[in-house]
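Taken from Swiss-Prot, the feature ATP binding site covers Gly622, Pro623, Asn624, Met625, Gly626, Gly627, Lys628, Ser629.
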Amino acid sequence: MELQTKSPTTQNDFSQHTPMMRQYLRIKAEYPDLLVFYRMGDFYELFYDDAKKAAKLLNITLTARGQSAGHAIPMAGVPYHAVENYLTKLVRLGESVVICEQIGDPATSKGPVAREVTRIITPGTVSDEALLDEHRDNTLMVIHQEKDRFGIATLDITSGRFLIQEIISENALFAEIERIRPAELLISEENSVHPLKADSIKRRPPWEFDHATALTLLCQQFQTKSLDGFGITHLPLAITAAGCLLQYVNYTQKSALPHIHSIQAEQNEEALFIDANTRRNLELITNLQGEEVHSLAWLLDHTATPMGSRLLRRWINRPLRDQILLQQRQNAVSTLLEKRNYSEIYENLRHIGDLERIVARIALRSARPRDLMQLRQALGVLPTLHQQLTNLPLNKQLQEIKNNLGLFDELFRLLKKAIIENPPIVIRDGGVIADGYDAPLDELRNMSTNSHQFLIDLEQQERERTKINTVKVGYNRIHGYYIEISRAQAKQAPTEYIRRQTLKNVERYITPELKIFEDKVLSSRSRALAREKELYEQLLDTLIEKLIPLQQCASAIANLDVLNTLAERADTLNFNAPQFCDYPIIKIEAGRHPIVENVMTDPFMPNDTHLDEKRRMLIITGPNMGGKSTYMRQTALITLLAYIGSFVPAKNAQLGPIDRIFTRIGAADDLASGRSTFMVEMTETAAILHNATEESLVLMDEVGRGTSTFDGLSLAYACASYLATKLKAFALFATHYFELTALASTLQAVKNVHLDAVEHEEKIIFLHALREGPANKSYGLQVAQLAGIPRSVIQHARQKLEELENPVISETQQPQQNELFLPIENPVLTQLDKLNPDNLTPKQALDILYQLIQLRQQK
């Protein structure tokens, strides 16, 4: 039978269905674009297009249930106990899911069991531990656009971190999207910008982007009369975006959001600007293949807690310009390093767990018993951490951490008394609240647990009373308690025995006494479970009262974890403290690329970098594979590490104010946008030339290589000149165009350096050492030989190279390409320069004229 494809949408369509399906269709009509997981007994079922989509995405069986208009209704389902695994996969695919639970009792319901939507799971609003990456912020972002200005609001619901900002260019907008990498991005249906760097993009109706509504919603959320106290009233577009975000979160969570109690404006000038291209080229969070291995985060992340890991990535992604704050971080790292106690602090932090997200789940009332167990363990560690910090000479950063850690002795004792040592995963079946915590619960539990002895006594009593030696008293979940007698002795059953079940070899009965006992025991179990759930909710109420100090504690622990990790990394990787200056300088002694050094088996060759007011650009020449790109990247990474408060891989480093880091390294076709390699290269170069300043660090590698030699050389020359003379940015400019080295003779701030190499027996040996002056050879053929180019091809290339380097002009051969920017020799003019017309006869003059015409024709 053919499967129905679309869900019915009208009441007339509904009338053809069973009451249960009508209930489903009414709920589905409210969420037409989301997958509805509809609870039916031990399964969550999906129907119609939802079933087809889920079957494909989850690789589950597509079947059918009933009919609609003569067609079978498509159906797919997953077991309720395994639903988290399926939800995880859907969320990672960018899907949103509606969870519809049974809230009624099937045994007492007349008609369909009552059901309601209990939560909506979207990629940017999930809080369940199983659905989250513990190393990555799970951010919901909203963008509101008016003309060329953008308001941005972001919320990580798993921490309550609520931030807004305004941006005035698409380039800066895309840089922010690349930095934040939102799990879900909301934009207006009228928005002209279509950013692609988000796992899930949704368009919202324009009426959700209303400024007046946003003000009302935000004031209600923060329980204030105005937003003046938050210092954000000068950001109307961002406030509008925040209002849309809050509407969406309220829609999905269907619960209060007490952990979202503040909003903060991010100022662009507070941080180094790093565009999307530079983030990828420097491999800050992921490598060029999109994996974390061999990225800067991979190297640095030896944190003990998930929240510390996430904070470290935020620091890497947003280096600060405030040198005072950076010096405070650096001082804290120095203290932890000098006292050599980072290992002990690490061991204590390891027992904390993901306190930040546990607190958020408590606020959302979705915390599970093991969340409370982990919270109890974390609170138990705090006194030891306090003592460890007390033993240190505290600078401002460490003192703030100690103050915000807090001591929660009362909460710790409460959780110690209330929750058993190893609780089950969920509260649903009870067994979470410890004995002795609540007298009414203990009484109900005793009634249930002591039933076993009552049954033993009843069985012995009935055997003696009836003289039937096969009498047994038992229980099963379907029929409850019963008295069992063998079929052979069933005729001896007393008259007060009421037959309950007949099996092959036995008869089962119930008595009035046993029925009374059954009602009492079963009701005690259900009442005990209800009481336990009530006590659990009371615990959550108590914890929510301490929400703000618990959030402050989680933040303090994350900061301590990152600083402690930076101390360990500095010690292990031989990093040293950089020095900040208030004048223009980047002076690095024996700098190293931290990641390349870490993965190399051979010793890494350190190199110096010196840029200052009179030395703003280095033209870097040298062979391919000589280390030019590594050298440039290490300079940028050392700068960036200093600007997150870390020590750096160098013997010494002096760094002045830096506002931006740009890179133009490598390029590939952007076929999706119809852009060639050269177009991509020029677009990136244009962004740098439009946005770099005197305080920017610019890395330019092989500009102009994607076009003809003359075009490429001309562009590279002009770009380098513009950077050096107009922008006056700090620049490392790597090139194979040897003609660019001439800039150093005309521009005082430009210097030539090269990565050294030597040739031995037609083989190249890379020294990777930076030397002053230009390279004298490119060693292209030797590198090609290393790459495995056939020997015959190398020999042919060598012959051609000799011809090009030593051109011979003949009557039949065109002259070789002239050097750019040098005067071109003209044979006609050369001959004219040799003539003295006063010494020529008319015949000689005529002959020479014919020779000149011939030379001109050859030219």
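Any Cβ shown, glycine's included, is placed from N, Cα and C.
Feature map: annotations from Swiss-Prot on the structure.
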residue : record           : contacts (Cβ under 8 Å, 6+ apart)
Gly627  : ATP binding site : Met605, Leu755, Phe766, His768
Lys628  : ATP binding site : Ile620, Gly622, Asp701, Ala734, Leu755
Ser629  : ATP binding site : Ile665, Asp701, Ala734
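When other Cβ atoms within 10 Å of the Cβ of Gly622 (ATP binding site) are tallied across all protein chains shown, the result is 29.
Ser629 (ATP binding site) falls within a helical segment according to DSSP. Neighbour counts were taken as the number of other C-beta atoms within 10 angstroms of each residue's C-beta; across the binding-site residues Pro623, Gly626, the minimum falls on Pro623.
Other residues of the chain with a Cβ within 8 Å of the Cβ centroid of Gly622, Pro623, Asn624, Met625, Gly626, Gly627, Lys628, Ser629, the ATP site, are Leu755, Ala757, Phe766. Around the Cβ of Met625 (ATP binding site), 18 further Cβ atoms fall within 10 Å across all displayed protein chains. Over all protein chains present, the Cβ of Asn624 (ATP binding site) has 20 other Cβ atoms lying within 10 Å.
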